[in-house]
Amino acid sequence: MPDLAPDLSLHQAIRRIEALIARADIAGGPGDARFLALYSLGLRPIDLTLRGDAPIGQTGAERLADAVRRRIAGEPVARILGEWEFWGLPFRLSAETLVPRPDTETLVEAALAEIGDRHRRLRILDLGTGSGCLLVALLSELPQAFGIGLDRAYGALATARANAALNGVGHRAAFVSGDWCASLTGAFDLIVSNPPYIVREVLPTLSRDVRLHDPRLALDGGADGLDAYRAILAGVSADPHLLGAGGILALEIGYDQAEAVTRLAEAVTRLAEAGSFETVGLRQDLAGHDRVLVFRRLDPTGPRPRC
C-alpha cells in the first residue's frame, strides 16, 4: 500500500502521488494525481485553492492510498473514478463501455457541421452507443432532436440511459438492444457510430490500460478491422427508409482506414438497389490523424455518382 501519511496537506499528497506514479513507470496524464486526490477526498477543483494546505486526514489517506494502488497496478484513472468527461459533460462508465476519448469529439464536430440549423427537428441514431457519449453530446447541442442509441451489451445500455438522464436529455433519448441496423425502422436524419475497428491480431499489442480494462466487444473489428463498417454500410444501404435522402452517416475510423472504408461505401453504392452514398468529407483529429468519414445518402431515384 502506498505510504500517504494523514498529516500530509492536499498539495503535499498530490506531489507524493506524482512521484509514486512516476516511480512505477505508469504512462499517465499530468493530471492523474490531482484527479485521484479530488475523487478520493470528495473535493472540487476549487478546493485545490481553498483547502490546499489542509491535512488529508486518516480516512482521506486510506482512500487515496487505495486509489493510488489501483493506478500503480495499471488501472486507468477513468476506471478508478468511474466516470469521465466528454464534450464538457460527465459520463459514468461501466465494464461494458469504453472510456470516452477526446478524438471521438471530432465525430460530434463533424455531425454538427453537416446539420447546419441546430434548432430543426431531427432523429438521430447512434450505433454501438456504449456510454451514450455521442448521442448525449449531440442532443445537448440539438434541442429539438430525438435520438436512439443501440448496443448489444445490456450493461452499456443501462449506463447510457443513466448518462442521458444525468445530462438532462433522457426525455429525448431511447436506448435499445440490437446488432447494428437489424430490426430498426427509420427514418433518421443522422446516423453516427464509433464502431470497433481494431484489427483482431493487433489486440494483444494494445497498451495495458486498454487491453485489460476496455471491453473487447467494443475494440475487435475482425480480421481486417472492417467488419462493423461492412455491417453498417450494408444495413443502411439496404433499407431506403432508415436514412432518408440527404441524411448524414458519420463514422469514426482508425487513423489508417479512410481509404478502405471509402472503398466499402463505393462497393455498397454499386450494388445497392435502395440507394447509395456520396462521400462528404474526411476529418482529422487534433493530432492530425484521419478520424471521421462523413457520407450523405443520395436519393435512390436520382442519378448515382460514378465510383
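Each residue's number is its place along the chain shown, starting with 1.
Glycine is no exception: its Cβ is also placed from the backbone N, Cα and C atoms.
From a predicted model like this one, the values you see are computed outputs, not experimental measurements.
Noted in TrEMBL for the protein shown:
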type: BINDING; residues: Gly128, Thr129, Gly130, Ser131, Gly132, Asp151, Trp180, Asn194; note: S-adenosyl-L-methionine binding site
type: BINDING; residues: Asn194, Pro195, Pro196, Tyr197; note: substrate binding site
type: DOMAIN; residues: 12-82; note: domain 'Release factor glutamine methyltransferase N-terminal'
type: DOMAIN; residues: 119-198; note: domain 'Methyltransferase small'
Distance, Thr129 (S-adenosyl-L-methionine binding site) to Tyr197 (substrate binding site) (CA atoms, angstrom): 15
The domain 'Methyltransferase small' (119-198) - residue tally per DSSP class, helix then strand then coil: 25 helix, 25 strand, 30 coil
Lowest local Cβ density (other Cβ within 10 Å) among binding-site residues: Trp180, Tyr197: Trp180
Whole-number Å value of the largest CA-CA distance among Gly128, Thr129, Gly130, Ser131, Gly132, Asp151, Trp180, Asn194, listed as S-adenosyl-L-methionine-binding: 16
The domain 'Release factor glutamine methyltransferase N-terminal' (12-82), counted residue by residue under DSSP: helix, strand, coil: 47 helix, 1 strand, 23 coil
Greatest C-beta neighbour count within 10 angstroms, which of the binding-site residues Gly128, Gly132: Gly132
Thr129 (S-adenosyl-L-methionine binding site) to Pro195 (substrate binding site) - Cα separation in whole Å: 9
Number of other Cβ atoms within 10 Å of the Cβ of Gly130 (S-adenosyl-L-methionine binding site) across all protein chains: 29
Under 8 Å by Cβ from Asn194 (S-adenosyl-L-methionine binding site), counting only residues of that chain that are 6 or more apart: Leu98, Thr104, Leu107, Gly128, Gly130, Leu134, Leu251, Glu252
